[in-house]
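Features reported for this protein in Swiss-Prot:
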| type | residues | note |
| --- | --- | --- |
| BINDING | 35, 36, 37, 55, 79, 101, 108 | S-adenosyl-L-methionine binding site |
C-alpha cells in the first residue's frame, strides 16, 4: 500500500539547470520517483516542449499518472531501455537532455513493505519493480555461498563478505529468511568488528539491492544509449549516491570526452583520423550539495552531480 511520503529531491535545481532547458526541447527524466525533477522541468518548458519520464517502480507510475499535462508521458520500465523507448517514438538524435537520479529513493527506503531498509522490519524484497524478477529473499535462499560473497565484496565493498555469506547460507538452511530484520541480525552477528558510525548491515543491504535490481548494468546501458539519442548540444545530468555509481558515470564521461586514442608515432592521414571520430561528449564538471541542503536532508551528503554535453561528432 502506498502512503504519502515527504520526499525531498536532492540537487533539484542544480540537476535541472544542468539540462540547460529550452522551452521547445524534448527531455527525458529517466528516474521519475515522486516527480520532483519532472515537475521542475515541465515548469520551464513551453507549449511545444515535451518530457518523457521513466520508472520501473509501480508506486512511482501511480504518482506520474496524476500529472495531467499533454507535454508529459510516463513509461513503466527500466531506464536502461531508454534507447528503445526513444526509437519507438522516432526521436533518435532529437533528445535535448537526459536526467538520471540514481539509486534507491527515500520513499522506497522509508516504506518497510518494500524491504530496502535494515532500520525497518519488512518483507525481504528489495525489488524496485516488485512485479518482476527474484526478491532478495528468493535469491539469498538459492544462491551459492561463493556467489553471495562475491556480490557482497563487489557491490558492497564488504570486508567480511565471506563470513557474512557463510552465515546467511547457514541460517537459510536452518530456516529461510523472509524479513529484513532477520538478515540484519545475521549480518550483525557475523561481523567481528563494528563501525560505530555505520550499521553492520549497511554494505550487505546495498550489495544485495544492487544485485537484485542489476543497478550498475542498468546505468552502463543507459549511458551507452544516451550517445545515440541525444541531439548535438544535448545534456546529460546525472546524480549518483555512492562510489560504485559515480565511478561508472565519471569513467563514461571521461572516456567519451577524449578524442581518438592513437599510439604515439603512428602515421595517420587527416582522413583516417576523421574516420576514427572525435570526442562525443564535453564534460562540464561536477557539483555537490551545499551545507544547507545536507543539514536539511542528510541523505544528500554523499550525492554527486555530473553534467556533460553531446558534441557534434
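Yeah, the Cβs are placed from backbone N, Cα and C, and that goes for glycine too.
Largest CA to CA distance in the S-adenosyl-L-methionine binding set (35, 36, 37, 55, 79, 101, 108): 17 Å, whole number. Annotation note: residue 79 (S-adenosyl-L-methionine binding site) sits in a helical segment as assigned by DSSP. Of the listed binding-site residues 35, 36, the Cβ environment within 10 Å is emptiest of other Cβ atoms at 36. Taking Cβ-Cβ distances under 8 Å and a sequence gap of 6 or more within the same chain, the neighbours of residue 108 (S-adenosyl-L-methionine binding site) are 57, 114, 116, 128. Of all the binding-site residues listed (55, 101), 55 sits in the most crowded Cβ setting, with the most other Cβ atoms within 10 Å. Taken residue by residue with DSSP, residue 36 (S-adenosyl-L-methionine binding site) is part of a helix. Counting only residues at least six positions away in the same chain, the Cβ atoms of 30, 31, 54, 55, 56, 100, 218, 222 sit under 8 Å from the Cβ of residue 79 (S-adenosyl-L-methionine binding site).
Residue 108 (S-adenosyl-L-methionine binding site) falls within a helix when secondary structure is assigned with DSSP.
Long-range neighbours of residue 37 (S-adenosyl-L-methionine binding site) (same chain, six or more residues apart, CB within less than 8 Å of its CB): 9, 12, 15, 16, 29, 31, 99, 101.
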